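Annotation comment: TrEMBL describes Ser14, Glu35, Ala36, Val251, Glu500 as FAD binding site. The substrate binding site annotation in TrEMBL covers Phe388. The domain 'Amine oxidase' annotation in TrEMBL covers 13-524.
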Amino acid sequence: METADVIVIGGGISGLSCALKLLEENKSLRVKVLEASGRLGGRTQTIRTETGNYVDLGGQWLSPQHTRMIRLCERFGIQTHQQYYDEGQHVIASTGDGSRKTYKGEIPPHSILSLVELQFKALWQVNGLSRTLVSKYDKVKAGTATAAEEAEVARYDTTTVAAWAEKTMWTKAAKDTMNVAVLSIFGLEASQVSLLEYVWYTKQNGGVEHLIGTTGQAQDRSLVGGTAQVSDRLAGEFERLGGEVKREHQVTGLTAELNGGGSPQVTLIAECGRGDGKTGSAVEFKCRTVVVAVCPLVLIDMIQKGGAGVSPPLPHSLSVAAHRAFRGSYGKAFTQWSRPFWREKGFSGFGVDSRVSSEHLVGFFYDACHKQEGENGESREWYGLTGFLVGDVAVEATGLTLEERKRRVLNSVKYFFGETDAELLDYQEKIWSQDEFARGCPVSLAPPGCFTKFGVDRLFREPLKVGMKGKTLSFSDPGESSQRTGGVEGPEVLFWASTETADEWCGYMEGAVGAGERAAGQVLRVLGGGAA
């Protein structure tokens, strides 16, 4: 058995940001991080290829507004480089008439009516709803909404983005673009996403234009050397302060108790890896508080299926959310070439297609060229394209072999940028739904109708208390809107991090850092700055 004051579940950016902040604020705390896989980084993953290149298969981009991540990069001496976008022609096949067209700048070559619809409906009206509708939703949570406001909020929650677009938009190009926006942001189809949650999410993240934009927006720049180094550097600083990171420790059981004096104790059961991909022995950990810094729904599902379970049972709202949530379906396919043939043809490397098919799987392309400094001071330039498989196409692609996916991705390259005699030097891919410990990317969303029913925006942001509910030891239920504590009074023992739980920039590395630091602050408030 091992003991600690705080155990953080998850060795990604969020969990390690939380762990490091805990020790920076109070070096006497005993803090351990349990990571299920053999690597750190969570939904960021950087690989080194046989050619010597580095490739980001997960989270990649920073916005100028991602100040926490920018500070971390400055702290660790990590440089960034601008996303290549403005210098060439973009390719779009989401034109409504089935054609493939090129354009430069931010205005796609749609009809005048389609452009008016996109500006008024997809941008202005959605941004307007993000202000007015979210304000009404806040009143519903506070119990100050009128009956009409409650009905309006509920109606928008049960309405999908696809249904709203179909009802309010006339042109196919505008409807296709709405679906493309949802796919690019969530990895889900517009028919799966509640309009209320969509506008709430866009409000959290700077608006629709910021979410889907490139230069000066959410896809502005990448990290030289890849994003996984952020987690590695966080872990190094954390361990330097006395913290401990344990890889290949998959949590399969969680028990919360109160001792005779009313103080909490949490017991975790973790299955340890043997280093060969197989499970070894189980280890017991005891602590005062736990921070869940992985996707909460994935952890709940893994524990419930792991045998040891959760005691006391998780609150009803959390359990239901875990079973009903949609997990984003994202895949990245990287192709490395002997030269940047698309640039030679005048293309930026950016392309978008709402009509992906079984023969060409990629919905979005971005230029992935970059320079890399060698140990001897010489630089080398790498030429690549990163393609995104999103939504239903990403799900269907899991049924294909690696070679078949590669063939169809190359079909997409040809479809977007034409024939080439450039040599394909490397192909790398990651289908995130096949990752055992992520099970999808970038985030999870409540199905239509559940955002208001369970208060999903606070469900995984408020710590869980453990205490007596009648004669039964129970967790508090933040999903019970009548009582924020769910009828339970007692110490807070279970805290939430991960990008899903961020108060802003949810779904981004920036949100992961913010959620981790928020959770650390909540834990420090409870522990009073002292160790056990």
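Glycine is no exception: its Cβ is also placed from the backbone N, Cα and C atoms.
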Return only the integer: C-alpha distance in Å from Ser14 (FAD binding site) to the residue listed as 'substrate binding site'.
24
Rounded to a whole number, how many Å is the Cα of Val251 (FAD binding site) away from the Cα of Phe388 (substrate binding site)?
31
DSSP on Glu35 (FAD binding site), three-state: which is it?
coil
Between Glu500 (FAD binding site) and the residue listed as 'substrate binding site', the C-alpha gap once rounded to whole angstrom:
21
Taking the Cα atoms as reference points, how far is Glu35 (FAD binding site) from Phe388 (substrate binding site) in Å?
27
Chain-internal residues near Ala36 (FAD binding site), provided their CB is under 8 angstroms and they sit 6+ positions away:
Gly10, Glu248, His249, Gln250, Val251, Val294, Glu436, Phe437
For the FAD binding site, please report the maximum Cα-Cα distance among Ser14, Glu35, Ala36, Val251, Glu500 in Å.
19
Report the same-chain neighbours of Phe388 (substrate binding site): residues 6+ apart in sequence with Cβ closer than 8 Å to its Cβ, ordered by sequence.
Ser184, Tyr330, Gly331, Lys332, Ala333, Val362, Gly363, Phe364, Phe365, Tyr366
In the structure shown, which of the binding-site residues Glu35, Glu500 has the fewest other Cβ atoms within 10 Å?
Glu500
Reduced to three states, what secondary structure does DSSP give Val251 (FAD binding site)?
strand
So, in DSSP terms, is Glu500 (FAD binding site) helix, strand, or coil?
helix
